[in-house]
Amino acid sequence: MSQTKKDQPKGNLAWWQLSLIGVGCTIGTGFFLGSSIAIVKSGFSVLLSFLIAGIGTYFVFEQLAKLSAKQPEKGSFCAYARKAFGKWAGFSNGWVYWTSEMLITGSQLTAISLFTKHWFPQVPLWVFASIYAVLGLLIIFTGLSVFEKTENVLAVIKTAAIFMFIVIAILALCGILSGGNHGIHVPNKTSEFFPYGAMGLWTGLIYAFYAFGGIEVMGLMAVHLKKPEEASKSGKLMLATLAIIYIISIGLALLLVPLHTFTEQDSPFITSLKGYNLEIILDIFNGIFIIAGFSTLVASLFAVTTLLCTMADDGDAPKCFTLKEGKKICWPALGLTFAGLVLSIILSLVLPKNIYEHMTTAAGLMLLYTWLFILFSSKKLTDPEGMGKTQIYLAMVLIAAAVSGTLFEKSSRPGFFVSIGFLVIIAIVTMIYQKKQGHKDRPASP
């Protein structure tokens, strides 16, 4: 079983370090690239989308932090689901998260490999994907300390890059930089702020939520805090920082060029600076995109490997994935993660582009389903009152709005149904698991 608060080893992580790790695990291709899709869908109202998504994410993390403070668990949200609703909830939650993260790692590998191919066009995509996959696994192999330091350093680099864009954008708006003959594009009417109406805001909301994906890793890391009750403080700092720099940077990008200039294929930061003769800066940003994608890739690998070991402890995964006493790494768990990575790379290269995109959309949605279960678990285990209960219900409404918005967009609708298909498969496996557990628990006939 998972460790209880009494026998939980004391952590050595300060709350601000968890905040920094959270930034490292969150700022990735979901923001640097995914925000362009949100802009295309929503226009200027994308700023409202990011504010809504930031608030919703904060409400979810606040509940996860309360659970972590009450009883730190290695399995985090999976352990809390098990406590709240039984073995089936822990089992299904774990495998929903594992499946979604492995699919997401495939898209992350593809994205950072494409960025690298910009500099080395002759090298096949799979070569870069393989190199980044091995590097990511090496960081996980070296242990928790190296993972923490890596995410801290990459978090600083990514945050500095966003601040660099903000400074450059302000200089451009002030006319200090040469080029960029588009003028400043400020929406003067409601119809200009909502160019695609309420439906545009609705369908773009899901991509704003994707930019905040990563709080689950903070939940898994919260057990290493010196004071688990400070998890809430680290989440507040991290999410407030992200929401502010996200909204300011995207707002500046929108002011620099006309809306029709943005495309789903290019980062809004590259699009907005293209006319300013800043080739070196654009190359620097290409490098930042690689760092950002690699950072979130490593976070995903850490999460799935750690969670797999914990699930094995709880009987929700084969016992061979249990971390042996005195060992720092579970080789079978790392091996399965490697196998999942290889499969993700193959799928991204072999499957038709639209089918693979539907699968990665489904993976992002499944991550939000995990967030919903965090809310359900908190409602049952913490018995919230007043503002706590209001936060839970508001977060549920906001997540439901983001998920349902995919049904009204032709490109994302198939991803919703693919996510439901994955849930059905995992539900069937869960029922088989429950049945087998029932047979094990049943006393033998005399």
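Cβ coordinates are placed from backbone N, Cα and C, and glycine is handled just like the others.
Per Swiss-Prot, these features apply:
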type     : residues : note
TRANSMEM : 20-40    : transmembrane segment
TRANSMEM : 42-62    : transmembrane segment
TRANSMEM : 95-115   : transmembrane segment
TRANSMEM : 127-147  : transmembrane segment
TRANSMEM : 160-180  : transmembrane segment
TRANSMEM : 205-225  : transmembrane segment
TRANSMEM : 237-257  : transmembrane segment
TRANSMEM : 284-304  : transmembrane segment
TRANSMEM : 331-351  : transmembrane segment
TRANSMEM : 355-375  : transmembrane segment
TRANSMEM : 388-408  : transmembrane segment
TRANSMEM : 414-434  : transmembrane segment
If you count every Cβ pair below 8 Å, which range out of 42-62, 95-115, 284-304, 331-351, 355-375 shares the most with the transmembrane segment (388-408)?
42-62
Any contact, the transmembrane segment (284-304) to the transmembrane segment (355-375), with at least 3 Cβ pairs under 8 A:
no
Do at least three CB pairs under 8 A connect the transmembrane segment (414-434) and the transmembrane segment (205-225), leaving out pairs fewer than 6 apart in sequence?
no
Does the transmembrane segment (237-257) reach the transmembrane segment (331-351), going by 3 or more CB pairs under 8 Å (6 or more apart in sequence)?
no
Maximum Cβ pairs under 8 Å to the transmembrane segment (331-351) - stretch from the list 20-40, 42-62, 127-147, 160-180:
127-147
Given the transmembrane segment (95-115), which of the listed stretches 20-40, 42-62, 127-147, 355-375, 414-434 has the most Cβ pairs that are under 8 Å apart from it?
355-375
Under an 8 Å Cβ to Cβ limit, what residues of the same chain, 6 or more beyond the ends of the transmembrane segment (127-147), are close to it?
109-110, 112-113, 116-117, 120, 224, 294, 297-298, 301-302, 305, 328-329, 334, 337-338, 341-342, 345, 348-349
Are there residues at least 6 beyond the ends of the transmembrane segment (414-434) whose Cβ is under 8 Å from a Cβ of it, and what are they?
87-88, 91-92, 95-96, 99-100, 316, 357-366, 369, 403, 406-407
